[in-house]
Amino acid sequence: MASLKEILIHVEQMEDGSFTLSAFDENEQPLPYSHMKKHLFQWHESSFYGTFLEDVSFIGTTAVLLSPWMTVELLGKNSFNSFSSVQLTEETEPLIEAASTIYEFIADGDFMPDYDAWTNGVFRWKDRDNILEGFTAEWFSAAVQDYIQYDDDLREKWEHIKEKSPAVTTFRGHFLDEEDFLEGIGWIDDQSPFTVGLRLNEPDFDGDEWKIEMFLRDKKSGAVEFFDGLKSLKKSWQAYSDKIAREQDRFHRTVPWLSFDSGTTLISEEEAWIFLSEASETLVDMGVEILLPSWWQIVRDSNMMLKAKVSSSPRGESFVGMNALLDFNWRFATNGIELTEAEFNELVASNRRLVNIRGQWVKIDPQFIKQMKRLMEKAESEGLHMSDILARELMDQQDGGLEDSDLIDTSAFAGIQFDLSKQLRSLIRKLTAAENLPEHKVSPSFKGTLRPYQKYGMNWLLFLRESGFGACLADDMGLGKTIQMIAYFLHVKESGRQKTPHLIIAPTSVLGNWQRELQTFAPDLSVALHYGPRRPKGDDFAAHYENADVVLTSYGLSHADTEELSSVTWNTICLDEAQNIKNAHTKQSRAIRKLKGLHHIALSGTPMENRLTELWSIFDFMNKGYLGSLTGFHKRYVLPIEKDRDEKRIGQLQQLIRPFLLRRTKRDEEVALNLPEKLEEKEFIPLSAEQASLYEQLVKDTFDHMTSLTGMQRKALILSMLGRLKQICDHPALYLKEEQTELLAGRSVKLEKLLELMTAIRAQNESCLIFTQYIQMGNMMKRLLEKTFGEPVQFLNGSLSKQERDTLVEKFQRKEYPTLILSLKAGGTGLNLTAANHVIHYDRWWNPAVENQATDRAYRIGQERFVHVHKMITTGTIEEKIDVMLESKQTLNDQIIQSENWITELSTQELEELFTLSATAQ
């Protein structure tokens, strides 16, 4: 390789004291980094011969960063390759002379800490004779500090100095002169055979004076001798008496009230406090050995803890409640000592800093006392609520504790420790562990059997009721939330605690279902439906329902009839599908959250569908104020969780809501063990006003026409009417043969209910089969579901070829889409669709065997999950009446009822009873 004849280097100092170096060849072209290392750093030790250089090249120019010592070594030692001709830029030439001087001083070990700079609060290095000045002196100081890391012995010595004499960097303390400074920090050797230290002794009796003793420690043996004047010195030490005098002078200059006539001095309690908390630390920084009482470390690091000793509610009631005010007394604790409020006030009045109480020294901090008094005044003004205790206790149980508890606990009791009574401690243990809950027997009036997890749910609801807390039963769809509530209602009534009715607010589509479930499982309960144009209003409202056990109403009426509903303090207010109040700002949500009830219960398989504020709305109904204001909740949880996915905040929120939210899924082991492999559930739904009007008109017109018909014509008319009534029950557009209608769900309560079911199913990421007899209905459902959920929905019907059907089935089984609509005839037999674990029969087939065959598309060999079957039945219509007949003749169904033809054999009177719309239809 051809050697370079000439290299031009340019060195420039940066603001932080480091330097940059760039180099150019004879053609004034930037020297490549590899060439720069070879020709300039070949003998440069501190960069390990160019290995540890930081590249700070900028556009078009190669440059490296050098520390102060690296630059001194490079320029002052001339570490360049001897085969290179190195030239300097005009700006760099002055640096060569300075670097050479600095290098020579450092190489000779001619440097030491600068005492004058230290006294002004600055640490610097200087040469022994103080020759260097200006820029060279500044560079010298930086270079020495940098050089220390490259010299093992020097680095070890410097670390020892900083550890033994922190004053060198804290600038605390006092030294008599430069020699005292260098000797004190250990830069130069102290020739005396001993070191001088101080020991603080506490008084024998509280209030007496404290004592400081001077002692001498033998450098060789480590033995201690207490100094009692020059006469007490060993003969071999007497030559160093001036060392003791200088130390006494230094102690006095550092702590003006600290002076010695001999080796002992007495100080006041106030001076003892200053010595313990401030002066001793300054002296230690100066390298003085200080011996303090063994208890001081603990007392120094401790603060007095303000405690609220909580008994129970003011009247000692077992019924607590989220907003109940609790009785408490103040206690003050520190170092294992607990003081009453009176004892604490007596201490504060004494204006002392150190007090010996029951053999223990206690620190009294005036600033801390002021802070505690402010806390006490605020807490007493606002009162202690059960919600304050619960939030704190639940947060304390979270792994990792509460580093930012101020953001979580915003009550007046933030920073105050709770000392709970045994009663409250037991209650919180039951809330958090949800174990050992009081056992209640299922009422003999309950006409059914609760599975173990359902009985637990009833006990859990009753436990929260007895404790005064609202509850959210959030079990998976199909696990029996309704019957757990019914068992709860019966127990409350039979325990003699029911003075007013229970109120159930539910979507219109499930009011009929509640009526039937209550009638089936609790026929002894008096159930009233507050619905329809003839419902009681005004002053008649309360009297009308005073003898009812349960009143049912809809979400829509909860706002329309808010005045009437608010006039009663209900025994229980139960919200079914409680996510209906998720928007806290709607009139409906606000109206419901203002209703008064002894116990508030929310039922919801999806208590939070999209936003955390939905959860807040439900909890504000259940336990008002527990999660704070909506604004505060948004700041503490919504923003950190939804914006930043803050795992700690998620954990905190889970801790807060867990005691009041019970959720079991079909995948839970204790639930799965008690579930049948298949659950068939009937969903009872009313007709919309449009459906009811069309239904009644069709029945009237048909019976008017039927009187003139006989035989086959009569049978044909009945079958025609039957089919058209089923279409009306499905959707008015199906009966009216409307094409591409946009207003779908609002005209059919059954379709609204389908949307509710599908929302819950998709929230669990589960799959579903939907069976219908009508192609147009299937197309309507497909259109609506795709628009609602934004995902493809397939429809398997008779218009598809075999290959198309096979492809649909194969993709569904591979879970490429979660929802499959099937026409009953095309998809009811012969298919294996075990990817689904929900089956919805949107309209009924009068032969149960046909429905069962359709259900068995999912419930068959290969199905590894629990299968939930939903049969949708419009109340008061032909669908419900035939369902009742089928149930009552179940034994004969498979043998006799194989088609709809049996209906045509009924008498006209029987047909009128069967087809006429009942009062429960709307």
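Backbone N, Cα and C define each Cβ position, glycine as well.
What Swiss-Prot records for D475, D476, M477, G478, L479, G480, K481, T482 is ATP binding site. Annotation source Swiss-Prot lists domain 'Helicase ATP-binding' at 462-625. The domain 'Helicase C-terminal' annotation in Swiss-Prot covers 753-907, and the record cites sequence analysis as its basis. Annotation comment: Swiss-Prot describes 576-579 as motif 'DEAQ box'.
All features noted in Swiss-Prot, drawn onto the structure.
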residue: D475; record: ATP binding site; Cβ contacts under 8 Å, 6 or more apart: G457, K481, Q484, G605, L662, R663, R664, T665
residue: D476; record: ATP binding site; Cβ contacts under 8 Å, 6 or more apart: G605, R663, R664, T665, K666, Q764
residue: M477; record: ATP binding site; Cβ contacts under 8 Å, 6 or more apart: G605, L757, A760, I761, Q764, H868
residue: G478; record: ATP binding site; Cβ contacts under 8 Å, 6 or more apart: K666, L679, E681, F866, H868
residue: G480; record: ATP binding site; Cβ contacts under 8 Å, 6 or more apart: L450, R451, Q454
residue: T482; record: ATP binding site; Cβ contacts under 8 Å, 6 or more apart: N513, W514, E517, D576, L603
Which of L479, K481, all binding-site residues, has a Cβ with the fewest other Cβ atoms inside 10 Å: K481
Averaged pLDDT score, the motif 'DEAQ box' (576-579): 90
DSSP-derived helix, strand and coil totals, residue by residue, for the motif 'DEAQ box' (576-579): 2 helix, 1 strand, 1 coil
